[in-house]
Amino acid sequence: MTLEYKVKDISLHEAGRHQIRLAEHEMPGLMALRSEFGASQPLAGARIAGSLHMTVQTAVLIETLVALGAQVRWASCNIFSTQDEAAAAVVVGAGTPENPQGIPVFAWKGETLEEYWWTAEQILTWPGADQDPSVGPNMILDDGGDATLLVHKGVEFEAAGAVPAATDEDSHEYRIILDVLRVDQAVDPQKWTRIAGGIKGVSEETTTGVHRLYQLAEQGKLLFPAINVNDAVTKSKFDNKYGIRHSLPDGINRATDVLIGGKVAVVCGYGDVGKGAAEALRGQGARVIVTEIDPICALQAAMDGYQVARLESVLRQGDLFITTTGGKDIILAAHMASMKDKAIVGNVGHFDNEIDMAGLAAVPGVRKVEIKPQVHEWVFPASTGVDGAVPEHSVIVLSEGRLLNLGNATGHPSFVMSNSFANQTIAQIELWTKRDQIAGEREYENQVYVLPKILDEKVARLHLGALGVELTELTKDQAEYLGLDVAGPYKADHYRY
Ligand code: NAI
């Protein structure tokens with residue numbers, strides 16, 4: 001059977017393979033899991049629908065899952081985040097462009113939203129599964145929760161017997177989802193119920209997707225068990241913070257090449273991502289101002305030496321504005337209209353609603369000039385500011401308000417993603433190998449779980465050698481004194497790091 005896939009240019013596979021080879025060297029956690037589990041094949045029988053930025057690092061994750069026995073179909077979780085050479089290399093695998101023997105990937109940089117939701121559907125639509133559900137997907141690996149959302153919405157509307165008509169409040173993107181599900185329902189009224197019935201679990205990568213899962217669980221609507229990978233310490237305290245510390249300036253530099261030193265940078269949100277963003281910008285010599293709604297995070301920012309202000313107070317000071325909140329409507333069109341000429345506006349939170357792009361496009365007389373793909377100058381005519389006459393001026397918006405570190409650069413580097421993806425791999429093994437009833441009891445209910453701390457410590461341990469870290473060993477005597485096991489875990493679950 002010919003391999004199904006859709007990527008930008010399959011001839012890029014060799015360039016992708018070279019990068020994957022180098023990334024493997026920088027991903028000791030994933031490579032150690034291949035050595036540990038390659039022979040026992042714990043993921044044999046798992047058919048994973050993966051929705052996560054199709055980068056070089058993700059290619060190493062995909063090939064690790066396959067090395068552990070899984071079958072995989074993959075899409076990106078963002079329209080701009082695919083590295084086309086990585087996608088091509090994963091498709092070609094050990095074959096040739098004419099005869100690819102790799103993995104079905106449906107991802108390219110610069111998808112339209114319609115194409116994006118088509119790719120999401122492809123990873124969940126396995127050949128022959130409409131006739132025989134036992135060949136359909138049985139696991140989801142998600143980033144941001146879109147694959148999980150599609151399944152849940154599909155099931156909800158099949159139970160209701162119809163897909164509702166869109167309302168005026170529905171976003172353009174939600175209307176596309178409704179359209180996809182409406183077509184499905186006309187052709188196969190039980191498609192999503194059947195798919196959901198086969199899914200044994202989902203492992204979720206990011207803060208935003210985890211938030212969605214907890215909401216579903218609280219409402220009693222979660223259809224399968226979920227592991228919250230984000231809140232593994234070796235994920236959120238590393239990828240979100242140190243990853244963004246690397247990839248945020250990378251994105252700003254590739255997009256604009258402005259000197260960050262001496263500029264005023266406003267970082268909205270001082271959670272894990274915000275902390276990494278602020279540190280990176282300060283490291284480049286910017287004066288950083290933080291905005292926060294949480295008094296604890298605001299106090300942390302102040303103690304770390306940052307000015308903490310409301311966005312409205314610093315609109316005229318900022319040269320760069322970066323959102324990191326995971327919330328919505330953080331930077332509105334009226335804010336952008338009041339910024340300095342050529343202020344740079346970008347987002348590294350998961351979804352594009354942190355910056356009000358629809359509001360920006362609706363400003364009377366505003367013009368959008370493409371500087372290059374994923375870099376746009378929005379020119380405001382004179383006098384559209386909130387506080388009186390303002391001459392014609394513009395802001396530079398990166399990646400159309402979507403994750404700029406992936407849209408304008410290549411996302412987090414391999415070493416930090418090795419931590420995140422080792423957690424993902426362990427979560428998939430955990431959910432898959434414990435999927436069945438054990439002595440009448442299910443190991444995991446339809447709830448959201450975090451991985452045990454001992455596995456978190458294992459992920460960290462796998463990365464120490466590569467950095468030449470000498471870890472001190474607790475003596476038996478010391479361990480007894482502290483009430484610990486020599487082998488860990490070393491901290492209580494509530495410890496915050
Ligand atoms: P977090 O919850 O640790 O931090 C978010 C912070 O934003 C919180 O401290 C919150 O109080 C603050 N906040 C919320 N609304 C605000 C508002 N209106 N104004 C100012 N501050 C506000 O979450 P985390 O882990 O930092 O993640 C943030 C976002 O970044 C999420 O959407 C997550 O999925 C995404 N993410 C993006 C990555 C990337 O590569 N670009 C990597 C990891 C996470």
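Glycine is no exception: its Cβ is also placed from the backbone N, Cα and C atoms.
Automated prediction, rather than curation, is the source of TrEMBL annotations.
Model, not experiment: these values are computed from the prediction.
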Suppose a student reads TrEMBL and sees Thr55, Asp143, Lys235, Asp239 listed for substrate. Which of Glu173, Glu204, Glu205 should they find annotated at that same site? Glu205
Spatially speaking, which of the binding-site residues Thr55, Asp143, Lys235, Asp239 is closest to His412 (NAD(+) binding site)? Use C-alpha to C-alpha, please. Asp239
Report the nearest neighbour of Glu205 (substrate binding site) in space among the binding-site residues Gly269, Gly271, Lys275, Glu292, comparing Cα positions. Gly271
Cβ-Cβ neighbours of His412 (NAD(+) binding site) (radius 10 Å): 27
Around the Cβ of Thr55 (substrate binding site), other Cβ atoms within 10 Å, all chains included, total 24
Shortest C-alpha distance to Thr55 (substrate binding site) - which of the binding-site residues Thr206, Thr208, Gly269, Glu292: Thr206
Whole-number Å distance separating the Cα atoms of Gly269 (NAD(+) binding site) and Asp239 (substrate binding site) is 16
Using a 6 Å cut-off on Cβ distance, which of the binding-site residues Thr55, Glu205, Thr208, Gly271 come close to any atom of ligand 1? Thr208, Gly271
